[in-house]
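Only one structure is covered here, and it is reproduced in the block below.
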Amino acid sequence: MTKKNQTLGEFIIENQKAFPYSTGELSKLINAIRLAAKVVNYEVNKAGLVDILGSSGDINAQGEDQQKLDVLANEKFIQSLTNREIVCGIASEEEDDFVVINSKDNNHQNKYVVLFDPLDGSSNIDVNVSVGTIFSVYRRITPIGTPVSIEDFLQPGRQQVAAGYVVYGTSTMLVYTTGFGVNGFTLNPAIGTFYLSHPNMQYPKDGRIYSVNEGNYVHFPVGVKKYIKYCQEEEEDRPYTSRYIGSLVSDFHRNMIKGGIFIYPKSSLSNNGKLRLLYECNPMAFIAEQAGGRASDGYKPILDVVPTELHQRIPFFCGSENMVAKAEEFIAKYN
Ligand code: P6P
């Protein structure tokens with residue numbers, strides 16, 4: 001049950017009752033993310049004022065230049081999740097390998113693993129474009145009492161127990177699902193409280209926005225090129241509108257509200273596209289499906305893909321059900 005203007009804390013308590021046999025740990029986990037989101041939001045919002053812009057000088061697991069805020073966001077989420085005695089392991093875009101988190105009794109009793117991209121779109125920070133945090137939560141599948149292992153992180157997205165994102169935009173929002181629909185909370189920065197502003201978010205079945213980096217058009221597979229031309233031709237309700245921020249969380253969030261499709265396909269430059277399966281595509285796909293949308297690699301649902309590596313990439317088509325289905329038709333026909 002949702003009440004507009006409910007705080008996130010009240011919402012968690014009210015919906016905690018919806019989880020039979022739940023020991024409240026998932027609620028504690030969402031609360032840990034809520035705290036870290038507020039801290040990161042504070043730092044992101046003042047980034048232009050203190051010497052926190054620009055590169056940390058380090059290189060992350062992806063060989064990408066690590067922005068200082070990336071490092072800070074990564075540290076804050078790991079710290080907040082570690083302090084709550086609920087998480088047995090963490091994987092992050094900013095960490096080469098997963099991090100083992102032991103319980104305070106030193107006996108590996110915690111049962112959740114969290115994977116996250118602490119600051120997605122961080123290359124936009126220096127130009128004051130919105131960025132985001134993306135997180136994905138699973139129950140561990142290896143025995144309690146033993147250290148977490150890679151199998152706990154390489155579960156299909158269908159096994160997620162929670163997923164969400166924080167978008168640090170014109171306002172800061174936390175949007176998440178625990179498998180019972182998608183709800184959006186907006187931060188009131190004056191008092192540091194998240195309020196339920198977007199209850200029961202629904203992806204429109206159709207839309208007129210397509211989001212893709214058309215600068216890579218020449219490198220796209222034929223089916224993707226054909227679909228982009230389909231979006232641009234003057235027929236029926238087309239041409240559609242092209243909107244691409246270059247920040248997955250922002251492009252996804254706008255399309256979930258207005259209707260639209262986000263595409264990051266494979267190309268001659270990268271056979272699996274750019275986006276990461278475990279901590280970008282799986283959580284966004286879980287949210288999309290929970291909101292009545294669709295998410296695939298162009299052929300099959302993202303959530304059914306069996307992961308093989310922590311940082312593996314995957315082509316990503318996500319958004320309004322009918323738009324993603326149409327894109328898949330073009331890929332099936334031409335690729
Ligand atoms: P490109 C940001 O770096 C990111 O990981 C996503 O947030 C975004 O959708 C994508 O990459 C943008 O990539 O190649 O279009 O700049």
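Every residue gets a Cβ built from N, Cα and C, even glycine.
TrEMBL entries are annotated by machine, without manual review.
For the Mg(2+) 1 site that TrEMBL gives as ASP117, LEU119, the extra residue drawn from GLU85, GLU93, GLU94 is GLU93.
Going by what TrEMBL states, the substrate site holds ASP120, GLY121, SER122, SER123, ASN213, LYS274, and the candidate of TYR168, TYR176, TYR244 recorded there is TYR244. Residues ASP117, ASP120 are given by TrEMBL as Mg(2+) 2 binders; from GLU280, GLU289, GLU309, that same site also lists GLU280.
Checking the binding-site residues ASP117, SER122, GLU280 against ligand 1, not one has its Cβ under 6 Å from it. Closest by Cα distance to TYR244 (substrate binding site), from the binding-site residues GLU93, LEU119, ASP120, is ASP120. In this structure the alpha carbons, written CA, of SER123 (substrate binding site) and ASP117 (Mg(2+) 1 binding site) are 13 Å apart. Taken residue by residue, the domain 'Fructose-1-6-bisphosphatase class 1 C-terminal' (204-330) breaks down under DSSP into 55 helix, 19 strand, 53 coil. LEU119 (Mg(2+) 1 binding site) falls within a strand when secondary structure is assigned with DSSP.
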